[in-house]
Structures are given as structure tokens and as C-alpha cells.
Amino acid sequence: MQALINNVTHSFTSIFGYAPTHFIQAPGRVNLIGEHTDYNDGFVLPCAIDYQMVVAAAKRDDNLIRVIAVDYQNAQDQFSLEHPIEFLPNKMWANYIRGVIHFLQQAKYVFQGMDIAITGNVPQGAGLSSSAALEVAIGQTVKTLYQLPISQKEIALNGQKAENQFVGCNCGIMDQLISACGEESHALLIDCRSLATTAVKMPESAVVMIINSNKKRGLVDSEYNTRRQQCEEAAKILNVTALRDATLAQLQAKKALMNDKVYRRARHVITENERTLQAAEALKQGDLTKLSELMAQSHISMRDDFEITVNEVDTLVEIVKSVIGSQGGVRMTGGGFGGCVVALVTPDLVAKVTQAVEAQYKKQTGLKETIYVCSASQGAGYLEITNGIK
């Protein structure tokens, strides 16, 4: 974190010519269990991770917004709050910021201009929600600078709106909500229908490992939309608002009315919701054996019923599983078709898992993995800088 603060301060000071007054952070996230349940009004169990976006900021006394993207060679954007905020097709990173500010304005929050510089170490394209962290960081920055009466939940919803309607990417609410509302040493059980959140204490004996398969994610959008349609079709046949409301018994009773794919997609969602609720309970009890079982079932369900895993990801899961047995859990995390696996393991197994993956993964797939060892972290907020800038 200190390196990020130093970096962002250096860019801010050298380009704007004065020192920032505030620092804000917003974390990335990993979803421990509850995959493709969010748009079915179901449950998810993510935690915020100690990889984050950091913003250095200061108020202006006019209506100008000036932005520096430190990680894009200090690229800059500038726009006025007095004119309609436009989408920039040739500067994608800037649209996340423009979108957040546009919707804050639309919600009638009152604020003026600001100078901001942004940096981060949330890996991009790994499915760890760097875009949601950016949206939440900007919302949090405006809230902090201008003491806006906006809740963390509203910051999350505003970020989601920016991504869906301004940037033009479909996403559920989980990523923004965990970035805005995460708690240190806790996962967050989120009800994606009511947006109610319950903090679930992580066992001290559990370390979060994220292993990126580095398999480029192809077909994500088209396959995501197909899965979504299949889930909606199943809900219609079952005569429920969303698959969150269906039981396995209801699904079995209507099996003859749906094709096999639609049936299996629905079976994944219904069982995954149940697993997610059980996993929250197991986590609370510190029952890693039960968690191991639930995460294994989740992966099999994603592989066989939802069909969103790929060989490289399945290979990683098998390698990790062979090391940890029932002393932790492992499964694919994220939208699918590549991306990362998440493992919850005891501290003594981190080195063994790392060794096994480094020795076997490339040999079996031709790809080199990237490993992140994380801990469940605090959601977005103001950073008190007590030790000065180094």
C-alpha cells in the first residue's frame, strides 16, 4: 500500500504542482463461492482482498475535474461539471470515472471540481474486479472530499450503474458491493435480491490463494448471455420470479418440460445457492473440511452442469486438490472460460501448493500461472496517512 501511496503522490504533485489533501482506497475481490447466482437473485460469498486502487485527491474551487491515470503512463483526462459528461470511445479507462461522476450528478448530489490521480495493483483481466474497485474508489473520493450523504451501498449501486449504462458492460452488483462494504478478516454473504449483507468471520487458520491460469478468456460475453437466457427460461418453466425461488424437487417435477441443457443450468444455480449458504455457516464454524467439500461440489457443478470451466482451470484445481485434500477448498472463481481459481488453505500449505503448481501446471498446459496470496481486507475508505510520504 505504501508504494501505491508514494507513486500516486509523486504523479499528483509533479503534474498538478501541489500536494494532495486526501487519500482513498478501494479493494479488488475474490468470490469464495456462489457463481452465476447473482443474476438469479441468489447468494454470493466474496471477500475484499489486499490489492487495491488508491486515489490521491484535492478539491478545486471551480467545476473542473482533472484526472491522472498513473498506470497508463500518467495519461490525463479533463472535463467540466457544467457540461454533459460524454463517453470517450478512444480513452476507455476515463469512462469509468466519467460514468461514476455522471450518475452522482444525476442523483442530485452537490459537489464541485477536483484533481485526482489514480493507481492500483489489482491485476487487470484476472477477474478480480479492478473496474469495480476503480468505480468505488471514485465514488468514495467524491463522498470524502465533499462529505456527501451517500451510503456505501449507494456508492456500489452508483458504480454498477456507471459500468452497465455508461461504459456499457453488463455486471451484477457483487463486485461493487464487496469493494464498498468489505470488512477486514471477514467474507460477506450477499443476498443479491435484497442486497442485505452479513459479515462472516474468516477462520484465522485460512489463507486465500488466487491462482490465475493465464488462459485468455474467450467467448465470455456470448456464453454469459446464453447462460443467463437459459436460467430465465428455466425460471419461466418453473413459474418462479428467479431461480433463487426454486427447489430441486420443483426442478425434478418439471424436468420433462425443459431441454437437458436448461435443466442442468438450473440445477447448478439451485444447488450453488444452497452450497453458498452452507459455506457461510462452515466458514463461521471454522469447518474447513465442510468448506472443502462444498467448494469441490461447486467446481464439479460449474464444470459439468454449467459448463464454464476450461481444461487449464480444471488442471489447476486438480493440482491444488492433490496437495490440500480436505484441509482447505479449491474451485474456479469468476465468470468462467479461463481466469482464476481460488483456494482457501491453512498457512502451512501455501508453500506446498505453490511448489506443486509451479512444478506441474506449465508442464501440463504450456501456460505459466500467477499466484496471489491474499487476506480478507477492509472495503473502501479514507486512508489516514500518519507516517508521511516516503
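Cβ atoms here come from the backbone N, Cα and C positions, even for glycine.
Substrate binding, as stated in Swiss-Prot, involves Glu35, His36, Thr37, Asp38; the candidate among Tyr224, Tyr263, Tyr361 given for that site is Tyr224. The shortest Cα-Cα distance from Gly127 (ATP binding site) to any of the recorded positions (Arg29, Glu35, His36, Asp38) is found for Arg29. Rounded to a whole value, the Cα-Cα separation of Ser129 (ATP binding site) and Arg29 (site 'Transition state stabilizer') is 6 Å.
Secondary structure at Ser131 (ATP binding site), taken from DSSP and collapsed to helix, strand or coil, is helix. For the substrate site listed in the record, the two most distant Cα atoms among Glu35, His36, Thr37, Asp38, Tyr224 lie 12 Å apart.
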